[in-house]
Amino acid sequence: MRKTKIVCTIGPASESPELLEQLIEAGMNVARLNFSHGNHAEHKARIDSIRKVAREKGKVVGILLDTKGPEIRTHSMMNGKLELVTGQKIDISMTQVEGNNDVFSVSYDKLIEDVNEGSVILLDDGLIQLEVTGKDVARGLIHTLIINSGSLSNNKGVNIPGVSVQLPGMTEKDAEDILFGIREGVDFIAASFVRRASDVMEIRALLENNNGSNLQIIPKIENQEGVDNIDEILNVSDGLMVARGDLGVEIPPEEVPLVQKNLIEKCNQAGKPVITATQMLDSMQRNPRPTRAEASDVANAIFDGTDAIMLSGETAAGIYPVESVQTMDRIALTTEAAIDYRSVVSTRRREKHGNMTEAIGQAAAYTAINLKVKAVLAPTESGHTAKMIAKYRPGCPVIAVTSSEMCSRKLSLIWGVYPIVGKKASSIDEILQESVEESVKHQYVGHGDVVIITAGVPVGEAGTTNLMKIHVIGDLLARGQGIGKDVAYGRTVVAKNAAEALAYDTEGAILVTNASDRDMMPAIEKCAGLITEEGGLTSHGAIVGLSLGIPIIVGVENATELIQHGKEITMDAESGVIYNGHASVL
């Protein structure tokens, strides 16, 4: 099972119910809605479709609202665009004007206060570079020199690398969009152009004052100021997005890979999800196959430790949206198979942990790797336990069983976590039973698999995880008194007396009988294990089994009736348990 999550941007190329169904089947975990485009009616229709299709498919899909953010853009140009020529001069006006060969204006009227002579201004994703040569504050004009030629059209992005601007953390449009998201029940807010912790707190205050405190805030790090303030930003956030598009314009491109690794590592240490985004499979907007560099980019983000990888134009507007998700899924699966999870968990074990839940998470991950378990089952009310286990990268899926749909969608972004919505349990026994039954029902685990189950007392209270159990998921057939510590697996021979036992080939079989005796010895000597209805450590079966060194289970009531002849079973002498089929027993 793939552990790295896939975030898909939903747009005209993917908004139909048919395409959404295909994206979910291909592996989409979180649907991103880009509020830089479209109106509330369009986004509501998309949200409704995503929820409906996910419900019909029985899948958990989170919804991420990506704000437009406090960006700077150019205003309109005469005839739609200007031709800027290297070496010529052009002014930037703080008052809105129609752009011409002498002057154009931008949407941020305090730009003149933020730049100085020598400052660099980048236009249209950095394709055009201007250098500030002077300012006329009285007239509200910035004088610039055109460093490289290009066509400048309407509403193009403006970046000022290395300059701290006075833009607000949240615009009026952002606030309206976030309130819309609260009403529609989205799960995550991706906050664009976050520069400092106060930007995040401004959004959090809006959420808390409007019954939206359950929404998680994922700041997008897109400028040098955000990079410089990353620790304070992460402290007040629920995760991060490495938004490499604007980031690669705001800082030198050669620094982007280093910043990416640094941000991912900080999120890993904090146990918070991180999304790596922008141009991951960009060529698949037009082509059915990615470039080799793109495949390596996705793989390296996974090696870095990212929780999620994101598709933007590939799924929103591209020709091959489903193929893009399928490709990303294959790259992720192949990459994850090459990761040394023992090394990862050993490195993270050296970090300090300050609470019981995290200690259990660390222990569960380490034990999962040592025992090569099929999954870790983590019943949870808040999702915190599942996050803490995933933080230590157990190398197997973390199945988070919760009674809250909201909690399940929050976990859709967490590495390795597969949420299931189940019934609310009121006791430890119910928790264990519910988590196993739901995991089997969803086919994440099967009979015979070894799993780890975490739980907490008192039941139902967040942050009380204090129990870890190693459990064999088995189709339990019968139970008795085991003698010895061995396990036997094989075909059964059911015989009620010596004559029946000797009539069958017992070589390597498990002999099931009422009670053994001296006449049955030739059959017993060839068998792999012995099960008797007769109980007691002094019974013939117990004594003979010990002398032969084979696993024995005695005192199994109605064994010759319960256990069918010729069936494959597993007997665990240490626990005295008999399972149908081939069960993994520790």
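Including glycine, each Cβ sits where the backbone N, Cα and C put it.
Annotated substrate binding site per Swiss-Prot: R32, G245, D246, T278, in sequence order. Listed in sequence order, D125, E222, A277, T278, Q279 are the same-chain residues six or more apart from G245 (substrate binding site) with CB atoms under 8 A from its CB. Look at G245 (substrate binding site): DSSP puts it in a helix.
In the three-state DSSP classification, S36 (ATP binding site) falls within coil. Per Swiss-Prot, the feature ATP binding site maps to N34, F35, S36, H37, R73, K156.
In this view, T67 (K(+) binding site) is surrounded by 24 other Cβ atoms within 10 Å of its Cβ, with every protein chain counted. Per Swiss-Prot, K(+) binding site is recorded for N34, S36, D66, T67.
Taken from Swiss-Prot, the feature site 'Transition state stabilizer' covers K220, and the record attributes it to similarity to another entry. Within 10 Å of the C-beta atom of K220 (site 'Transition state stabilizer') sit 24 other C-beta atoms, taking all shown protein chains into account.
In sequence order, D125, G157, N159, F193, E222, N223 are the residues near D246 (substrate binding site), counting only same-chain partners six or more apart with C-beta under 8 A. Taken from Swiss-Prot, the feature Mg(2+) binding site applies to E222, D246, supported by similarity to another entry.
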Taking the Cβ of D66 (K(+) binding site) as the reference point, list residues of the same chain whose Cβ is under 8 angstroms away and which are at least six residues distant in sequence. T9, R32, L33, N34, F35, S36, A190, S192, K220
Cα-Cα distance linking T67 (K(+) binding site) and K156 (ATP binding site), given in Å to the nearest integer: 17
In sequence order, which same-chain residues at least six apart have a C-beta under 8 angstroms from H37 (ATP binding site)? G11
Please list residues from the chain of R73 (ATP binding site) whose Cβ is under 8 angstroms from its Cβ, counting only those at least six apart in sequence. V106, S107, N155, K156, G157, V158
I'd like to know which of these binding-site residues, N34, S36, T278, is least surrounded, judged by other CB atoms within 10 A. S36
